[in-house]
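Positions annotated as active site, nucleophile by TrEMBL: Thr170. Annotation source TrEMBL lists substrate binding site at Arg198, Val199, Gly200, Asp201, Thr221, Gly222, His223, Gly224.
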Amino acid sequence: MLPAIVIHGGAWAIPDNLAEASVLAVKEAAQRGYEILQGGGSALDAVEAAVILLEDNPAFDAGTGAVLNEDGEVELDAMIMEGKSLAAGGVCCVKNIKNPVQLARLVMENTDHVLLSGQGANTFAKSQGIEEVPVEILVTEESKREWETYMQFRKTVKVLFRERQSDHDTVGAVAVDSNGNVACATSTGGITAKMAGRVGDSPLIGSGGYCDNDVGAVSCTGHGESILKVCLARHIIQLMADGHTAQQGVEAALTSMSRKVQGTGGAVVVSNKGELGMHFNTERMAWAAMRNGDLKWGLNPGEEGIGVLDSSQKLSVPPTPAAVQSDVTPCIVVHGGAGSGFIPSGSQKYEAYTEGVLAASKAGYQVLKDGGSAVDAVVVAVKVMEDNPSFNAGTGSKLTVAGTVEMDALVCDGQTLNSGAVATVKNIKNAIELAKLVMDKTDHMLIVDKGANVFASKMNIQEVDPLYLVTGRSLDSLKTYTSSYTKATVGGYEKRALHETLPSSSAEHETVGAVAVDYLGNVASATSTGGITAKMCGRVGDVPIVGNSAQQASEKALHQLAKRIEEAAGAAGLITVTPGGDIGVYTITGGMSWAAIKNNEPCYGINHGDYLKTTL
């Protein structure tokens, strides 16, 4: 009867539109884990691999697809345990980690602790070489909609769980290998609109999961607070140790939880002899199990399917790199702005610009590799540059004549031709994020000035202190400008004329932008800027105006536009990408920092003729 594995995708009211995807996913995870066991792998390796597969699937509330807390953030919990030595590891309230179960295993193997939380867990992840991912990779549109609904009606956690029709839940796996060693793993994003810092049962040994080679392994799912109160996983193990079969144990423990704390949920169990058990008292629970080469699965109470997972039964929704059937090679190009003058290689400015655009391109490319859309990729890339004070967007924006920051941003979706933009917005850390909300949440394309800030407040985007966005570099640029112009009054307006001796650094525009094509051949563009130094308050440039940022330009039109700009003694740079994945970079200025990634091969440059290669 050995080896054996059982998987669950969460006990809750799984809606019909997710039912097929949920069942296919747990079947595929069971097969993945079973292949490891058949190959002589350990139960620990099998449950980790199975849960990682589910964490990467947006249909579940774990890793990618996790729900949002009351602050609109993703906080992830996970645990893993092996039954030979009772070694265990867990993480809770961890952020920006794609596979928290992998981090939980590192806690188990590389520390003297069992559980790490919050920032401490993230710091540990960094020390172990696990890179943080942009939160956009983890958040789906479904999670956003759920959060907005629940925050609007302010329902309690228990009411949410009882009434949930579109909320996701925990994933987990239990296994026994050919040597009789057992293991369990559980992972979750929690419940929509939970309090920030809330921890449920999933990462806690004895509640979300437990295993012991003398008995077996358990992974639980359901209302976390109820499971915590009864230590559900440990209770099931104890019932089995007292003589219950795996199935009897899980049924009795869930009945007891329902009676004592009115809790609902489910669990999967495997004994050290390969005996299987699974039960739930919710509307549905997707589960799958493999033993003796046979695959079994179920969704509804009393339902059990038997068969094999043939090659045609692969998860098809939502799209991921493994699932997308397309000849398109995803790629991304970013720029950090077209300045003036040659920038010496190896200089501090050169290194800052190149590091910045490379970091942005890598963040956006990761979104594409994970099956994300071109829109999400360009927004992520631009946000990285908005957060980098080397660029004139977000933090580090140039100052108006009044010494304030006013930002413009635009995002365009080439599939639907939808776009969203903001202009002269103040005290917003990431203007590109607000532009995307204009596109997604309104019937408009551009919102400006105070209206943009009011909209940001409605979207729960908090304003930052005005000084947060101001850097010493932007202050120096304004001082240089104000000491280098002459004044003349024309028609009642003050007109300024720059001295010819104005340092070229003050004339750098440094608008940031990104273009991308995803696996489906959909293209998108995004652009963000703080404008030009000492601009009039309320001045709007090209960036937030659809059609003026050269998005989706053909190569012929690109060269024609560049020629016209050059004739007008202007400065500009452009980046392009076609639906087929062809990329283009063009500048008529002395330098423009740019980076591009295609086929996992990054390249970058600043000065004319630069074409440097690096690695991911």
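Every residue, even glycine, has its Cβ placed from backbone N, Cα and C.
Feature map: annotations from TrEMBL on the structure.
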residue : record                   : Cβ neighbours (10 Å)
Thr170  : active site, nucleophile : 34
Arg198  : substrate binding site   : 18
Val199  : substrate binding site   : 21
Gly200  : substrate binding site   : 23
Asp201  : substrate binding site   : 29
Thr221  : substrate binding site   : 32
Gly222  : substrate binding site   : 28
His223  : substrate binding site   : 26
Gly224  : substrate binding site   : 29
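Cα spacing between Arg198 (substrate binding site) and Thr170 (active site, nucleophile): 15 Å, rounded to the nearest whole number.
Taking the Cα of Thr170 (active site, nucleophile) as the reference point, the closest of the binding-site residues Gly200, Asp201, Gly222 is Gly222.
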